[in-house]
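A.B. asks: What Swiss-Prot records for 42 is L-glutamate binding site, and it gives sequence analysis as the kind of evidence. Annotated pyridoxal 5'-phosphate binding site per Swiss-Prot: 104, 163, 188, 211, 253, 254, in sequence order. Annotation source Swiss-Prot lists N6-(pyridoxal phosphate)lysine at 212, citing sequence analysis.
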């Protein structure tokens, strides 16, 4: 049976080669006679799996030794609480700043409010004229030179790819140039993690839920500058204290072992595709194909300011919304799955993560073209 093209925003498609290897090793990992799901998290077999996954991730992103790499539980939303519990009080008065560009940065801001004094440094939550064009809320990124970052903040948080609204930062700002040299950047990179090169040293902390580009739901990767950890709030659970997790190499408590194993297979798959530079080239080609067609017709519309359009998550609407149900039914019949947009914005969304080949995007564009011929 042919597998359909899965455009889910997450949990998302995994590389077929990874799924096949996991199936082959399900009952016996590397001659151990055990499934990874049956291993002690402190036994030599899983220690080997976990340490190799960390080594491969460090290699892919060029993570230096003065940064800790941690595999944690709780997902991206959980990390929105774990980050402030670990960092917000590191300079005494608990304070953190946020750049709001969509749903997930807004959720992060709200969650951090439980732990200290939070401040909006910039927001795209209102309509604005950008490059001479009127942009709706959450379809643009405030220029960095307009951000109001407090020099006393413990960190500045941004979501570098908004999964729902389809907005992506093309670069991360230099906070020293904004008058805040002592404020580290915290980046939620969940939905474009490993999709392109990222200079992790530009951030004090980066985190990413695996279920977009790096594996199944259940594990979150955290890359943190070591001098920032060890100052958790007293209320922080010990299992979520970065100092504990880093000291025990992600095995302070029982980790999500199978999810880490799959993530490790994905890391090796990414390396085999040419690393993050190879993934960037492939992802650029896919995005250019899809956006190119959407921009060529008035039948569909992507509302995001072109320079900050996400290569991973492509929201679009049909000009005639009465056709939405017919569009989705036809897409499923054509083997194009999970194209319905998020309930908060409606319309459609095609998530074209690393595991989606160019062939799948071509199939989507052909369907878009055919549907327009029939209903346009």
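These residue numbers are counts, starting from 1, taken along the chain as shown.
Backbone N, Cα and C atoms are what each Cβ position is placed from, and that goes for glycine too.
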A.B. asks: Of these binding-site residues, 42, 253, which scores lowest on Cβ atoms within 10 Å?
C.D. replies: 42
A.B. asks: At the level of the C-alpha atoms, what whole-angstrom distance separates residue 253 (pyridoxal 5'-phosphate binding site) and residue 42 (L-glutamate binding site)?
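C.D. replies: The separation of the Cα atoms works out to 10 Å.
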A.B. asks: In this structure, which of the binding-site residues 104, 163, 188, 211, 254 has the fewest other Cβ atoms within 10 Å of its Cβ?
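C.D. replies: 254, out of the binding-site residues 104, 163, 188, 211, 254, has the fewest neighbouring Cβ atoms within 10 Å.
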A.B. asks: Does anything in the same chain, at least 6 positions from the residue listed as 'N6-(pyridoxal phosphate)lysine', have a Cβ under 8 Å from its Cβ, and if so what?
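C.D. replies: Within the chain, the residue listed as 'N6-(pyridoxal phosphate)lysine' has Cβ neighbours under 8 Å at 9, 10, 12, 163, 190, 191, 192, 193, 312, 351, 353.
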A.B. asks: Cα of residue 254 (pyridoxal 5'-phosphate binding site) to Cα of residue 42 (L-glutamate binding site): how many Å, rounded?
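C.D. replies: Cα to Cα, residue 254 (pyridoxal 5'-phosphate binding site) and residue 42 (L-glutamate binding site) are separated by 9 Å.
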A.B. asks: Between residue 188 (pyridoxal 5'-phosphate binding site) and residue 42 (L-glutamate binding site), what is the CA-CA distance rounded to a whole number of Å?
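C.D. replies: Cα of residue 188 (pyridoxal 5'-phosphate binding site) to Cα of residue 42 (L-glutamate binding site) measures 29 Å after rounding.
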A.B. asks: Please report the DSSP secondary structure of residue 188 (pyridoxal 5'-phosphate binding site), reduced to three states.
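C.D. replies: Strand, per DSSP.
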A.B. asks: How many Å lie between the Cα of the residue listed as 'L-glutamate binding site' and the Cα of residue 104 (pyridoxal 5'-phosphate binding site)?
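C.D. replies: Approximately 35 Å lies between the Cα of the residue listed as 'L-glutamate binding site' and that of residue 104 (pyridoxal 5'-phosphate binding site).
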